[in-house]
Amino acid sequence: MKKEYLIYKLSEAMKDCTRIDTDLFPKFDVKRGLRNEDGTGVLVGLTKIGNVVGYERIPGGGLKPIPGKLFYRGYDLEDLAHAILKEKRFGFEEVAYLLLSGSLPDKEELASFRELINDNMPLEQKTKMNIIELEGNNIMNILARSVLEMYRFDSNPDDTSRDNLMRQSIDLISKFPTIIAYAFNMLRHATFGRSLHIRHPQENLSIAENFLYMLKRDYTELDARTLDLLLVLQAEHGGGNNSTFTVRVTSSTGTDTYSAIAAGIGSLKGPLHGGANIQVADMFHHLQENIQDWTNVDEIDTYFTRMLNKEVYNKTGLIYGIGHAVYTISDPRAVLLKELARDLAHEKGREREFAFLELLEERAIATFGKIKNNGKTVSSNVDFYSGFVYEMIGLPQEIYTPLFAMARIVGWCAHRNEELNFEGKRIIRPAYKNVLEEEKYVPLKKR
Ligand SMILES: CC(=O)SCCNC(=O)CCNC(=O)[C@H](O)C(C)(C)COP(=O)(O)OP(=O)(O)OC[C@H]1O[C@@H](n2cnc3c(N)ncnc32)[C@H](O)[C@@H]1OP(=O)(O)O
Ligand SMILES: O=C([O-])CC(=O)C(=O)O
């Protein structure tokens, strides 16, 4: 049998054997996607790290949509972000300290923590050379492979004691920017024929500044502060988001830190999760080209209707950057990012594009409501404006999702550490009901 034919035959068989009647889910009370009937997530754990709030429960049943709120270790993210902006300082290290330890650092603790991060930013020579050798144009994939490689250079990789987990957490938070910057520089060199620069991280620079320095050397103060804020906003999102839950699931087996984090990277890469920031950028460019009049509401609505009906764009029926598993009226990070995007667009003379994006946001939500008519309140999510902001500070599309990982590594580590340390922990092991009849074995010669 020809190999191509065999693959075709097996894939045809896959069509049949993956079909599961959707009526069976309510019949057996299966929580599809680990969601309750009302769309809320099934409660699978307790945490003291992030708190994601998007609705209120109405006594007697039902949900009331409310403006979204996000808390890091009990602190309102909006308060943290506004304080950092007002005091004009870099906040990502402070937020990392808070998320890992449960408390805000004082000045001395923060200074020592920054120093520790700087000490850990350089990569092993072998990891560096590996990134140069690792071919491929997907930096999330290179990041996962580099994280697995870190296992080899850790003298104590499998030890899940508290000290060791914290040491590994800090090492990962410090090294993600270096890996991503070097991987992009290599990609740029191999794919676009540009000179290859491997710059050493500098002492006394924040993570955001060091990242920009390693990536492109020249950057402005505003670029660095903007990136820092994006890192702050994406650092943590509770235990239920897909990548953090993946890290918790894998960690619950007692596996090593690098295996658990590589699994989280794989999850975040997906276009429904962190990968949506690249999709939004791609969709925005597509709409810029395909909408003639950027102010014409009817034209935009018609295009979105066709997108939702899977007729145009990538025919998935999705409008990227819209909708969220928890938030309803608003995602607090999208609200902050929109304001940031507005200011930057003004600064960089890109008001026309910003106005178009803002109108797209409004019309996507309105068209979704009209076409889906499913009673679901949707808003833009964190990925809607992030790509536009990255683009305005000169960052390339290939690193949008890796930048999300560079922020979320903090939340992943905090959750892994919680998963491995709370009393009464258990391996996470839900159940699947088998809905197939039993078959009698037929010997090979009789088939
Ligand atoms: C960092 C992050 O992960 S933020 C999220 C980033 N992802 C995106 O922006 C991708 C676009 N958005 C989506 O796909 C979804 O809104 C998700 C995955 C984020 C959340 O999905 P869910 O909570 O499962 O949405 P839910 O199932 O309640 O949606 C109900 C219906 O609305 C649809 N829907 C939800 N969001 C969208 C969207 N953006 N575009 C089109 N349809 C959508 C669903 O497909 C579903 O339709 P169906 O019943 O006809 O199948
Ligand atoms: O919570 C989620 O489902 C998605 C997520 O990680 C985020 O919005 O940051």
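Every residue gets a Cβ built from N, Cα and C, even glycine.
Automatic prediction, not curation, is the source of TrEMBL annotations.
Features of the protein shown, as given by TrEMBL:
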ACT_SITE  HIS324  active site
ACT_SITE  ASP383  active site
If you draw a 10 Å sphere around the Cβ of ASP383 (active site), how many other Cβ atoms fall inside it, taking every protein chain shown into account?
29
Rounded to the nearest angstrom, how far is the Cα of ASP383 (active site) from the Cα of HIS324 (active site)?
10
How many other Cβ atoms sit within 10 Å of the Cβ of HIS324 (active site)?
19
With H, G and I counted as helix, E and B as strand and the rest as coil, say where DSSP puts HIS324 (active site).
coil
